[in-house]
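Notes for the one structure printed next.
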Amino acid sequence: MVVTQLNLEFCFQGKKLRGFSCELTRSPRGVLPESFFTIMCQVVVPILLSGLCMMTAGLVMNTVQHWPVFVEVKDLLTLVPPLVGLKGNLEMTLASRLSTAANTGQIDDPQEQHRVISSNLALIQVQATVVGLLAAVAALLLGVVSREEVDVAKVELLCASSVLTAFLAAFALGVLMVCIVIGARKLGVNPDNIATPIAASLGDLITLSILALVSSFFYRHKDSRYLTPLVCLSFAALTPVWVLIAKQSPPIVKILKFGWFPIILAMVISSFGGLILSKTVSKQQYKGMAIFTPVICGVGGNLVAIQTSRISTYLHMWSAPGVLPLQMKKFWPNPCSTFCTSEINSMSARVLLLLVVPGHLIFFYIIYLVEGQSVINSQTFLVLYLLAGLIQVTILLYLAEVMVRLTWHQALDPDNHCIPYLTGLGDLLGTGLLALCFFTDWLLKSKAELGGISELASGPP
């Protein structure tokens, strides 16, 4: 589909037409050129809304961490980042694939649209079942390594909670992504700019809420011996059905065969972030860790997913798999070219980087208004927190540019192979840097207190 934009400017003197100018813009794939202002306008609202949802997810986690099931089954906290990270592994990857399909005109035909949507939704159900189970196994292994104990009942609860949460979250968010991408296409808005942040924002809140409710349900019915194994077996039995539906689309068949490594490795990376969270969240010097973890991880994941999706769409439109455009020939570009040139992807990277500090300031202030003194409110921590957010997003945006080039050169689809890695790294970087912020702030306060005590002790009697 070709989109043509015609801008006419008429010059009048009194009531008489004295001249006019005409500007014609043609886009061969249905996407009009975007300016800095256009990208900013389309991105800022979804990012702010997603940040509010992630902030709400943080407040939810700060509450549910004290529920009996989370207190008794410590591995549930380790499970939070990889399960919440499903938004990067599955939903945001789905949103990116659908956005690329929409921008390249693949879903304009109703019959093709139905085939693409049904096969994609079936695919994420297969992935959700497998990744949910593997996330539970990873959490258990990390728990065994750190505590050297295994309780069969807790193992069953963890596996059932993980699989059911992954299935329900994937279904709800998958249907929502389909509606958003089709709606954006009809309204003439680039779905790359809005679909991935909305997937991420609602993904955090929905996944965490479902995990808390499902695990509490299984905990209350822990005396029902066969309930949790039956749930696991039921979802495993449904997997062949989803596979048959997914096989309608040849590209999806390729993902079913070769697309497992990125999402499994991303889940493992996120699990290490979960281990950091489970080891720090209950300690006094890390008070507030549960609230800020979804925010810093989510903001980084959102921004890098938008950039990855945009670069992927650009390559799908103007190049062929395995062939990089002339201006993207270098696998390891100069960081200046990633952020400081007039090229469209560099422009979008600047827009996304500029949103980091204002976004985090807004979310920090709202959290402080809601929670008050229960979160750290020192200026030192705020500066450290903003610096951590900038470092995280800068690293992720540069890695996005590198990874998309490498995967495209290997004739692989960046929508499927880059976003899981980058959101997994975002979770690990975000959790690690946030823990470092809390520790540094606590260390500086301790030194200041010790200095004050020593001054009092050395003063006149």
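Glycine too: its Cβ is placed from the backbone N, Cα and C atoms.
If you look up TrEMBL, you'll see 80-213 (among others) marked as domain 'SLC41A/MgtE integral membrane'.
The feature domain 'SLC41A/MgtE integral membrane' is assigned by TrEMBL to 293-436 (among others).
Summarising the annotation, TrEMBL assigns transmembrane segment to 36-61 (among others). Sequence-remote contacts of a segment are chain residues at least 6 beyond its ends whose Cβ falls under 8 Å from one of its Cβ atoms, and for the transmembrane segment (36-61) they are 80, 84, 189-190, 193-194, 197-198, 200-202, 204-205, 208-209, 212, 290-295, 298-299, 302-303, 306, 347-348, 350-352, 355, 359, 362-363, 366-367, 370-371.
Same-chain residues lying 6+ beyond the ends of the transmembrane segment (122-145) with a Cβ under 8 Å from its Cβ atoms: 74-76, 78-79, 82-83, 86, 89-91, 94, 155, 158-159, 161-167, 169-171, 174, 232, 235-236, 238-239, 242-246, 252, 255-256, 260, 263-264, 267-268, 271-272, 274-275. The transmembrane segment annotation in TrEMBL covers 122-145 (among others).
Taken from TrEMBL, the feature transmembrane segment applies to 157-184 (among others).
If you look up TrEMBL, you'll see 196-219 (among others) marked as transmembrane segment.
The feature transmembrane segment is assigned by TrEMBL to 226-246 (among others).
Feature annotation from TrEMBL assigns transmembrane segment to 258-277 (among others). Residues of the same chain lying 6 or more positions beyond the ends of the transmembrane segment (258-277) and with a Cβ under 8 Å from any Cβ of it are 77-82, 85, 88-90, 93, 127, 130-131, 134-135, 138-139, 142, 146, 289-290, 293, 297, 416-418, 420-421, 423-425, 427-428, 430-432, 435.
Look at TrEMBL and you will find 289-308 (among others) tagged as transmembrane segment.
Non-local neighbours of the transmembrane segment (351-370) in the same chain are 36, 39-40, 43-44, 47-48, 51-52, 54-55, 58-59, 291-292, 295-296, 299, 303, 306-307, 339, 377, 382, 385-386, 389-390, 393-394, 397; each lies 6+ residues outside the stretch with a CB under 8 Å from one of its CB atoms. Annotated transmembrane segment per TrEMBL: 351-370 (among others), in sequence order.
Marked as transmembrane segment by TrEMBL: 382-399 (among others).
If you look up TrEMBL, you'll see 419-444 (among others) marked as transmembrane segment. Beyond the ends of the transmembrane segment (419-444), by six or more residues, the same chain brings 81, 84-85, 87-89, 92-93, 96, 196, 262-263, 265-270, 272-274, 276-277, 280, 285-289, 292-293, 296-297, 299-301, 304-305, 308-309, 376, 378, 380-381, 384-385, 388, 391-392, 395-396, 399-400, 403 to within a C-beta distance below 8 angstroms of the stretch.
Counting Cβ pairs under 8 Å to the transmembrane segment (289-308), the stretch among 157-184, 226-246, 382-399 with the most such contacts is 382-399.
A Cβ distance under 8 Å defines the sequence-distant neighbours of the transmembrane segment (382-399), meaning residues of its chain 6+ beyond its ends; these are 292, 296, 299-300, 303-304, 307, 335, 338-339, 349, 352-353, 356-357, 360-361, 364, 422, 425-426, 429-430, 433-434, 436-437, 440-441. Beyond the ends of the transmembrane segment (226-246), by six or more residues, the same chain brings 118-120, 122-123, 125-126, 129-130, 133, 156-157, 159-160, 163-164, 167, 218, 252-253, 256 to within a C-beta distance below 8 angstroms of the stretch.
Same-chain neighbours of the transmembrane segment (157-184): 69, 73, 75-76, 79, 83, 86-87, 90-91, 94-95, 98-99, 102, 107, 113, 117, 120-121, 124-125, 127-129, 131-133, 135-137, 139-140, 190-191, 194-195, 198-199, 202-203, 206-207, 210-211, 214-215, 218-219, 222, 227-229, 231-232, 235, counting only residues six or more beyond its ends whose CB sits under 8 Å from a CB of the stretch.
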